[in-house]
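The following features are taken from Swiss-Prot:
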BINDING   133, 140, 173  Zn(2+) binding site
SIGNAL    1-30  signal peptide
């Protein structure tokens, strides 16, 4: 009976190890699963501003840095600021990890007020009426030196929200809404 119990314990231990390995985060999530600082470097192509923000210190979000990012992502046309979903910053940080780059992100559009969104809708069919930009949950961007198609592929692989691909306008859209793509 003792030999049976010893073998049973070994089997249970091996099963536990195998189960633990199966539920470990994939490389796509590794950048978020380890408690380390998360830093984003961005350029705003409309305002000419640049920012380097450590928005997460390994234990939690840094409110002062989030406030700086909220200002950076503001609707520059109406000069309105909205709190941006921190999940969007996590998504962008993770995306850069998948792409193997920390080059500055070139922000084209972040938050848009409803008035600005309606104004843009009047000029373009590609602007959604209920855009995630108006909720502070979306951004349009590119990264110098990284092919848009590669940014799109990496964003799709995360299955973390919406991914829009606009090669003629030279940007990719990501948001923290339901996973979908266009």
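Backbone N, Cα and C atoms are what each Cβ position is placed from, and that goes for glycine too.
The Zn(2+) site is defined by 133, 140, 173, and by the 8 Å test on Cβ atoms against their centroid, the other residues of the chain that qualify are 108, 109, 110, 131, 132, 138, 139, 141, 164, 171, 174, 175. All protein chains included, residue 173 (Zn(2+) binding site) registers 26 other Cβ atoms within 10 Å of its own Cβ.
In this structure, residue 133 (Zn(2+) binding site) is part of a helix by DSSP.
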